[in-house]
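Positions annotated as S-adenosyl-L-methionine binding site by TrEMBL: D335, D352. Under the heading compositional bias 'Basic residues', TrEMBL lists 1-14. According to TrEMBL, the feature domain 'SAM-dependent MTase RsmB/NOP-type' maps to 194-464. Residues or ranges marked as region 'Disordered' in TrEMBL: 1-34.
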Amino acid sequence: MSRKNTQPPRKRTSKPSTNRRLSAGGRPVGPARGKSIPALASLIASLAPGVLRDVVEKDKRLETSLTAAHESMRGLPRADRRLIYRALSSLVRWWGWIEPLKLVHVEDQLLLAWLLEAPDVPAVCRFWANKSMRDPDRLFSSGDAPNWTARAQGLKRFMDGKTVTADPWMLFPAWLRDELPVPPGDEPAKSRRLAFLHSLQTRLPLWVGVRGKPEKPVWNELRDTGLKPWIHRRIETAAKLDRDTDVGSLEPVNQGFVVVEDLASQAVAKVCDPDPGERWWVACGGTGLHALDLGAEMANKGAVIATFDHDAARHAAALRLRKSPFRNVAAKVWDGKYAPGKSGTYDGVLLDAPCSGVGVWRRHPEVRWIVRKPQLALFVERQRQLLELAATAVRPGGVIVYTVATATLCETQGLVTKFLADHPEFQLDPFPNPLEEASTTGILQIWPQIHDCEARFIARLIRSRAK
């Protein structure tokens, strides 16, 4: 006698699965299958020379170079793609030390870069070690090294005690030495600058922010999934997650209540400190996150106009904004010549200007090799032009918040000082430091070695009221 099936029948639904892939003919196919370790390690090694040429010689971004290699990447699961990007990012980040060694095998280059950067030694490293005739059981990682001395020891150990040059400045363009201010602290100036450089050689953590919902239930929801959000003590809507978290699988992210945004970027809206009902212009709208943050600060009241220099960027930001709960934010294309709307009517202008991007070198290490010294003057000129436009847009008593993801003197303190000298109707507007218990004079440089985020400069300028 056959046993009766006691399980309840499965409920059918007409809603198609959102995570099933389709073949070229439209038929569902199974989940992407990962490559074997030898195949994945070999693929990375085959991509590395072209990526280096693209970055160092052709000034291409890493993502752009990998997009060109889409045939090799097609069908790979997310975990494999992340590993490829991580390995090639490491190679670019440590190229200033690796290139002078003239290592013959690309596997040697990839292996050294990984060991210098990461605390773990995955199976692909063992494969690279075998290919370059090294003992995989003797690999030593210095990825969690606390200082430059320990990093240099890792380099020398890899080279079997041979004489090597481990000057930290070799890992960065020469122009940075002249443009880098001395970070705050009690150590000697040289030590403080080296601590900043050391922070740039570590991977950026994953910062997220809650928008449009009370933060505590959202953090609890993430905890229920097994995550451990580290909540910032000052900005309680910001938290740090494990940097390898698959954020695309998180429901609050898909619902638009949690966004991936660096801590330094989240601090910008706190410096703006807009009141509900005000009218703000976000020039150079970027990804739309600043506009979203202002919409949240204004409790969905008032108006935030974010402008973009081409429609593709506007469209991408509009999709992000549409997914958010805020309806006081609009995205528009802007020609960059005149402020949108009537001059002198905005309560505030947030200007996140194009810059050298030193602040993003942790996340995008290739940018250091793409920006050349002559480009700094071009960035400064464009920043000056944008500040001039912002000055025409803000009303008497209104503010300009100028911010750039960098730390160079010419793009930060130097530019603001020159602007204030040319515009006596503007003064620095002191504000509380959003990341710690301290006040500012109206200028804040955020340092990655202190706050474990990107480097970012923020200045708040207030226009005198009409007499």
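Glycine is no exception: its Cβ is also placed from the backbone N, Cα and C atoms.
Note: TrEMBL annotation is automatic and uncurated.
Mean pLDDT across the domain 'SAM-dependent MTase RsmB/NOP-type' (194-464) comes to 95 in this model.
Reduced to three states, the DSSP call for D352 (S-adenosyl-L-methionine binding site) is strand. A coil conformation is recorded for D335 (S-adenosyl-L-methionine binding site) in the three-state DSSP classification, outside any helix or strand.
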